[in-house]
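What TrEMBL records for Thr149, Lys150, Ala151, Asp152, Gly201, Pro202, Ser203, Gly204, Val205, Gly206, Lys207, Ser208, Ser209 is GTP binding site. The Zn(2+) binding site feature in TrEMBL is assigned to Cys280, Cys285, His287, Cys293. Positions annotated as domain 'CP-type G' by TrEMBL: 101-258. According to TrEMBL, the domain 'EngC GTPase' annotation covers 110-256. Feature annotation from TrEMBL assigns region 'Disordered' to 1-31.
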Amino acid sequence: MGGQRPHLETSMTPVRDLSAGPGVGQHVTGLPDEGEVARVARVDRGRLTVLTAEGERRVSCAGAVHAGTAPAVGDWVALRGEQAVQVLPRRTAFVRTAAGRGSGAQVVAANVDVVLVVDALGAEARLRRIERYLAVAWASGATPVVVLTKADLCADVPAAVAQVAEDAVGVDVLPVSAVTGSGLAAVRELVPAGCTAAMVGPSGVGKSSLLNALAGQPVAAVAGIRGDGRGRHTTTARELHPLPGGGLLIDTPGMRELALADGEGLSATYADVADWAAGCRFRDCAHRTEPGCAVAAAIDRGDLDPARFVAWRKLQAEAHRQELRADARARAAESARLRALHRQLRARPGR
Ligand SMILES: Nc1nc2c(ncn2[C@@H]2O[C@H](COP(=O)(O)OP(=O)(O)OP(=O)(O)O)[C@@H](O)[C@H]2O)c(=O)[nH]1
Ligand SMILES: [Zn+2]
């Protein structure tokens, strides 16, 4: 979704970067409205909780913001006084297409660099489920990493990691335990200063525990010890959490529900790409250098985001690999049958 970063006045001293993007406190030029920028940490009913160099603030949205792009967690907004007057261009965006009814696409998190696809090692790895989250992550423009929690409950961590790694082509897979702290350092390294990460994954796999462990303090309520039943975040209203290393971690209910809402699977996520591909001249078009390739044409015209195409192709390749694996088993069975037949023929006297 490669939006342009706003041009920054380089003579200004950066105050503190609230992880990659315009430095907080810097002035942003090249925008209709000049002003201080801040990072959206929460959105409720049109009011924003934003992080600035001075700390957390609550601001309202100016009319122009109401009319234009609705701010999401992770957005950079230009402030004027106590109002957000503009949403700055996004680098990446997690989009939830509202099922049915025409409320359209909703951005649930913006400017995420790394997506932690969280699943637990305690139970059988859910490969299809992880794939679905990976598809959504790739589509956002961010880079996914699989984080397998509850390593302390797993008897053979390397084997479980290898199984997921074999399936999640080109994606790092990291085991971690919020209980023993093993693997936490490697996850922290994924979210250094200047980086914004977000978590996706089903309920109960340990996302809140992971966030607390990474933050080094309890910022999110963990199942079983959240007492008042008044919702997930009991100690803070933020959905964007600064980590000790300088990075930021987004944990918002919208992200948590993302892939579950998208149960129809990959074809629905990438229906547009499949539509373009159906228009190629050759039925077996690989969408590389073939003449009459409708996908390449759509990319050239700017109708199809190349990152989205790459994501789609990765998933296609993965589906193809699964088929080949099934095929290989079928071929092995077939050649065993033929070998047996040949042995019988050779053994037959008087050929
Ligand atoms: N043994 C072990 N248990 C863990 C670990 N991480 C989380 N848990 C437990 O797993 C349960 C769920 O943890 P949460 O952190 O609330 O999971 P969540 O993904 O945030 O769940 P939701 O808030 O429902 O989305 C809790 O009982 C945790 O104590 C871990 O690394 N090891
Ligand atoms: Zn093509």
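Each residue, glycine too, has its Cβ placed from N, Cα and C.
Feature map: annotations from TrEMBL on the structure.
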| residue | record | Cβ neighbours (10 Å) |
| --- | --- | --- |
| Thr149 | GTP binding site | 28 |
| Ala151 | GTP binding site | 21 |
| Gly201 | GTP binding site | 26 |
| Ser203 | GTP binding site | 9 |
| Val205 | GTP binding site | 23 |
| Lys207 | GTP binding site | 27 |
| Cys280 | Zn(2+) binding site | 19 |
| Cys285 | Zn(2+) binding site | 18 |
| His287 | Zn(2+) binding site | 20 |
| Cys293 | Zn(2+) binding site | 21 |
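Cys293 (Zn(2+) binding site) falls within neither a helix nor a strand when secondary structure is assigned with DSSP, and so counts as coil. By the rule that a residue counts when its Cβ sits under 6 Å from some atom of ligand 2, the binding-site residues Gly201, Ser203, Val205 yield nothing. Taking the C-alpha atom of Ser203 (GTP binding site) as reference, the shortest distance to any of the binding-site residues Cys280, Cys285, His287, Cys293 belongs to His287. The shortest Cα-Cα distance from Cys285 (Zn(2+) binding site) to any of the binding-site residues (Thr149, Ala151, Gly201, Val205, Lys207) is found for Gly201. Look at Thr149 (GTP binding site): DSSP puts it in a strand. Per-residue pLDDT, averaged across the domain 'CP-type G' (101-258), gives 83. The separation of Val205 (GTP binding site) from Cys280 (Zn(2+) binding site), Cα to Cα, is 42 Å.
The two recorded residues, Cys293 (Zn(2+) binding site) and Gly201 (GTP binding site), show a Cα separation of 36 Å. For ligand 1, the binding-site residues lying close by, meaning a CB under 6 A from one of its atoms, are Ser203, Ser209; the full candidate list was Ser203, Ser209, Cys293. Overall, the recorded GTP-binding residues Thr149, Lys150, Ala151, Asp152, Gly201, Pro202, Ser203, Gly204, Val205, Gly206, Lys207, Ser208, Ser209 cover a maximum inter-Cα distance of 19 Å.
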